[in-house]
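Asker: From Swiss-Prot, here are the annotated features:
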type	residues	note
ACT_SITE	HIS371	active site, proton acceptor
BINDING	ALA388, ASN394, TYR395, SER413, ALA431, ARG448	acetyl-CoA binding site
COMPBIAS	478-488	compositional bias 'Basic residues'
REGION	259-488	region 'N-acetyltransferase'
Amino acid sequence: MPRTRTPLAAIVLAAGKGTRMKSNKAKVLHEVAGRPLAYYPVKRALELGASPVVVVVGHQAEAVEAALSAALPEAPLRFAVQEQQLGTAHAVLAAKRALRGYRGPVLILSGDTPLLRAETLEAVVSARRRARAAVSLATMTLEAPRGYGRVVRDARGRPARIVEEKDATEAERAVREVNAGLYCVDAELLWKKLAKVGTANAQREFYLTDLVPMAAQAGGVAGVEVPVEEASGVNDRVELSRANRVMVGRLAEAFMRAGVTIEDPARFDCDEGVEIGADAVIEPNVRLRGRTRVGARTRVGAGAVITDGVLADGVTVNPYTVISEAQVAEGAILGPFSRLRPGADIGPEAHVGNFVEVKKSRLGKGAKANHLAYLGDAEIGAGANIGAGTITCNYDGERKNPTRIGEGAFIGSDSILVAPIEIGAGAYVAAGSTLTDPVPAGALALGRARQVTKEGWVAQRQAEKQMKGTATGPASARKGRPAARRAS
């Protein structure tokens, strides 16, 4: 990743409400690949070596600050508040105090551009340095530039000014080169020129673009054309969805080039920050969320959803398994249709089968719960076998209680283990038992009613029913009328 060799600060503009999102949440908090929109331009500036990075917040300022601080806890972030949203120049001025004493270039970028690459930022920064210009700015060429500020160049082909669409003439609106909202400018020049920006425009706002003609007079402006995909901002849900698809596609491509098989990248979904080891196989419609780590040679079946899960090497996750804040050791087999809730710890070569739910429990090496079970607050020893329908009754209405099952124990189908309870190593629990007391190692426990078998009961019952019907007779006979006869 490129890093600038000279001092560099950055300002990320993230104060707007984003009315076109039609949301109660600030626009920059909407997520792409599991991260807030503003996370990406901040992260790219950091990758370039910018320090500090000042984030200008406004609408829902506390929430934006909290989200970025949580996502980038070690980053040299500073926050500046734009109390009123009076335009982009006004927003940049809000960052002045946070950069007090800093001398050097300042990179200015928008908080709603998640697809920018660090290489693109480096191109804008280096263009100013190479051209010895006062300002460098990113531009892009659009087939339909509606809504964007047009870049007007001088006779020598250098950017001379940017005209917002509402202020543009017909000739200027025909220009297809537009402002991408990405600038690099010397800090001293920035504060000096912004003090002169006024509101003589259709929006009655302080435009950052007014800096361009001033810079053209002070040392020139260097223009850098950048890819449309990268510089296009996210303004509504449609654009958010497109940006998410592009970002996930980039992640998928990086995984595949690193040796991961993704069977259908178009039906793959993951968050930024997910890790996948070499020779892992990801089937269609898998979702990998949060800080999930998938080990080498692990196979994740179709429809699985994993959030903050840690899977070791060689794990098999069968289709439609749901994992959340759980860890799985090497060689374990999960699913299909199993669920690991927070605190589940599945040991090496253990099996958690279909419709088995595990919460805050550890299964030792080779332990098996293959069908229809609930295991909560349990410690299950190596090699233990949990039969279908087994339930650990861990909650007594006030607190959670533990269940301990020893190594090699065998729990019969449809058993109910009322916690707190301990089943010793090698013990057997008969099918259908409800247990409340400890079971010693090597013992057999039965906790069910004794079976009673009544031979001939069905025939006796049928005879009794027949006798009852004969004694009562048909309804017509009881009323003194002859019974109706059926034609033969």
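Just so you know, glycine gets a Cβ as well, placed from its N, Cα and C.
Worth saying up front: this structure is predicted, and the values here are computed from it rather than measured.
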Asker: Express the distance between the Cα positions of HIS371 (active site, proton acceptor) and TYR395 (acetyl-CoA binding site) as a whole number of Å.
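Answerer: Their Cα atoms are separated by 22 Å.
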Asker: Taking the residues ALA388, ASN394, TYR395, SER413, ALA431, ARG448, which the record names as binding acetyl-CoA, find the longest CA to CA distance and state it in Å to the nearest whole number.
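Answerer: Across ALA388, ASN394, TYR395, SER413, ALA431, ARG448, the widest Cα separation comes out at 22 Å.
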Asker: Only counting partners 6 or more residues apart, tell me which same-chain residues put their Cβ under 8 Å from the Cβ of ASN394 (acetyl-CoA binding site).
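Answerer: Correct list: GLY376, ASP377, ALA378, LYS400, ASN401, PRO402, THR403, ALA419.
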Asker: Suppose we draw a 10 Å sphere around the Cβ of the residue listed as 'active site, proton acceptor'. How many other Cβ atoms does it contain, all chains included?
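Answerer: A 10 Å sphere around the Cβ of the residue listed as 'active site, proton acceptor' contains 16 other Cβ atoms.
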Asker: Restricting to the same chain and to sequence separations of six or more, state which residues have a Cβ under 8 Å from that of ARG448 (acetyl-CoA binding site).
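Answerer: Once residues fewer than 6 apart are set aside, ARG448 (acetyl-CoA binding site) is near ALA430, GLY432, SER433, THR434.
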Asker: What three-state class does DSSP give TYR395 (acetyl-CoA binding site)?
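Answerer: Strand, per DSSP.
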Asker: If you count the other Cβ atoms within 10 Å of each Cβ, which of the binding-site residues ALA388, ALA431 comes out on top?
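Answerer: That would be ALA388, with the highest Cβ count within 10 Å.
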Asker: Could you check what DSSP calls HIS371 (active site, proton acceptor) once collapsed to helix, strand or coil?
Answerer: strand
Asker: Please list, in sequence order, the residues in the chain of TYR395 (acetyl-CoA binding site) that are at least six apart in sequence and whose C-beta is under 8 Å away from its C-beta.
Answerer: GLY376, ASN401
Asker: Same-chain residues six or more away whose CB lies under 8 A from the CB of SER413 (acetyl-CoA binding site)?
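Answerer: Residues satisfying the criterion: GLY387, ALA388, GLY389, THR390, ALA431, GLY432.
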